[in-house]
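Novice: Heads up, here are the entries from TrEMBL:
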SIGNAL    1-24  signal peptide
TRANSMEM  100-118  transmembrane segment
TRANSMEM  130-153  transmembrane segment
TRANSMEM  207-225  transmembrane segment
TRANSMEM  231-253  transmembrane segment
TRANSMEM  465-485  transmembrane segment
Amino acid sequence: MNQKAYSILFCALLASTFVTELRAKGLDYAHHNRHKLSQDRTEIREQKQCSWVCRGAQGGSLKFIVNINANLVAIFDFEFNVAIVFDISSNYVAVFNGNTGIVIAINLSTSIAFYITAEISGSVWSSSKVSFESFFASLSLSVFFSISGAVQFEVKKASSEVQQALGVILEKLVFGIEIDVSESFTLLLSISVSYIEVFKTSLKGGLVLFGNGAISLYGNLSGFLQTLISFSNIVVLVGGVQVLISAGINFNFNVLFSASFGSQFLVNVIQQISVNINISEKFSGTLNKAEYFFAFLAQSGGSGSGNITGIYKIASSIIGLIDKSANASITKVIDYLVQYSISSNTDVAGFYSSLDGFVSVFEANANLKASFSGLISIVEALKSKSFVYKGVNISAIIELLIESASKDSSYSLVLVVSVLLQLKAIISESESCSYLLFVLIVYSNTAAGLSILKKLNIAIKVSSGVKNNLLISLFSGFNIVAFLFGNFYSAISGSAIGGIAVAVSKAVKVSSSGKLEFSKLLNASTNVVNLIKGAIQTVTGLSLGVSTSEHRSVSSSDSAAPAVYPSVVKVTKQLFYIWCW
């Protein structure tokens, strides 16, 4: 878990500028049905937490395969013998453990599921008897919904035994992410709906593009989803699946889907499509714009929180903040920064050399070079460390991110604050640093968030056995008078989560070379102070004199802030949709 310390509470599809703009044009289809599962997700999250499983940040053993005739799509791990299969036509999903013979099949339309073991059916996959490819060739998911003796259940009422069985499978497919077993079905439903939606809409009729053989993947199940969505967006911009088929494009998907970061993927896409299609007419206008360029590289790089992909995600979120995009927020920027700061970031030294592919491709093709002049200008500015976007020095921020890779964990919060101080042209230092405190307090309300705080060297003491609604425990017996009438920084510093405020204060002092005091910044940021009070008030039930109505707006003085933050529950849901699994 040296790369990702976030739980699935903070995992979901990347809400990038690129995707937002495509949605506005009616071109993005992959995300709009997730709300159908919101009620089930909420009820699942309210169940007792079980345990944590983690495979670490390994990769390289996942493959992708399709069955064109049966309209099935599968991702499987040939090393650990687990698989997930999507039935595009019937809205079914099933996960398989080839070692134990366990199958969990779900009807996504009804949220009714079936748990099948090898003891009750010979239809399960046994990896000791047959390879997954051979098993998949004749597979029909419908058989698992009518097996005598199968355990039928509602997804939101899954037993701990079934949750554990699913967790074992998902830890192999979504490696590198800490997974709370009680959240396994939340993750599975989210991923499944998005995969099926892509193939029902922007890639409808496109299984033929992938051929019959297994395709090697870089990264995990959720990361591949992001890459697949990026590919589907390109398909839409080109004109659709039929345009590619008619043009006779034969993709080398082993090259495309094994790209370790977004720039590799984009260069490969351009090279392979431009052979038979004049792409300059299709999407040069999009990729010539910085907001689209960075957002595309952020998404197509997969689900990584650190390394080169992490840099693009941070840059993209900052550009969205500058442009006041619909989905942009300072809390998103902060969350990306925190996740990056606690990652290993082993390959960021190769950030600039990773851009060389663009130069070589466009230098070899005069037409492409002329059509993508805007993109080339962006790349050249990045390589010369001089890229500035509407008054914000993005290159300076990238340099901070790259340099941090050589620092130890004590530098993590200093990095976050250092980047936030670079944004003072669009959001005040008092607002951005105060929002950092707010996000870290939100983290303290979950076991997964506490794991993040620990990696930031912030110690929070929690009563033994408490796993949900941690703020209730943390704020039991605190001095309410100090919060109502005293200095807010002093009040928060003296509370059970005072370690967070102290850590931010130290980071602000170091980052500003002693020129700024966090206590003054926080006390001057009235809207964020009220936001924090409202969050604590909502979770603990204690009255701190702040309205937490569903429609309470943040002060207009922070134009970059999210519009509404009524409670920790609301903010936690927003963070849920920030991270792309």
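Indices start at 1 and increase along the chain as displayed.
Note that Cβ sites are derived from N, Cα and C of the backbone, with glycine treated the same way.
Where in this structure would I find these features, and how exposed are they?
Specialist: For the transmembrane segment (100-118), same-chain residues at least 6 beyond its ends with a Cβ under 8 Å from one of its own Cβ atoms are 37, 40, 90-94, 124-126, 141, 144-145, 147, 150-156, 158, 162, 165-166, 169, 188-189, 192-193, 196.
Outside the transmembrane segment (130-153), and at least 6 residues removed from its termini, the chain residues within Cβ reach (under 8 Å) are 65, 67, 70, 72, 74, 76, 78, 81, 83, 85, 87, 90, 92-94, 96, 98, 103, 105, 107, 112-116, 120-121, 123, 159, 162, 214.
Long-range contacts of the transmembrane segment (207-225) within the same chain, counting only residues at least 6 positions beyond its ends with a Cβ under 8 Å from a Cβ of the stretch, are 11, 13, 59-60, 62-68, 71, 73, 75-76, 84, 88, 133, 170, 173-177, 187, 191, 194-195, 198-199, 241, 244-245, 249, 251, 253-254, 257-260, 302-304, 580-581.
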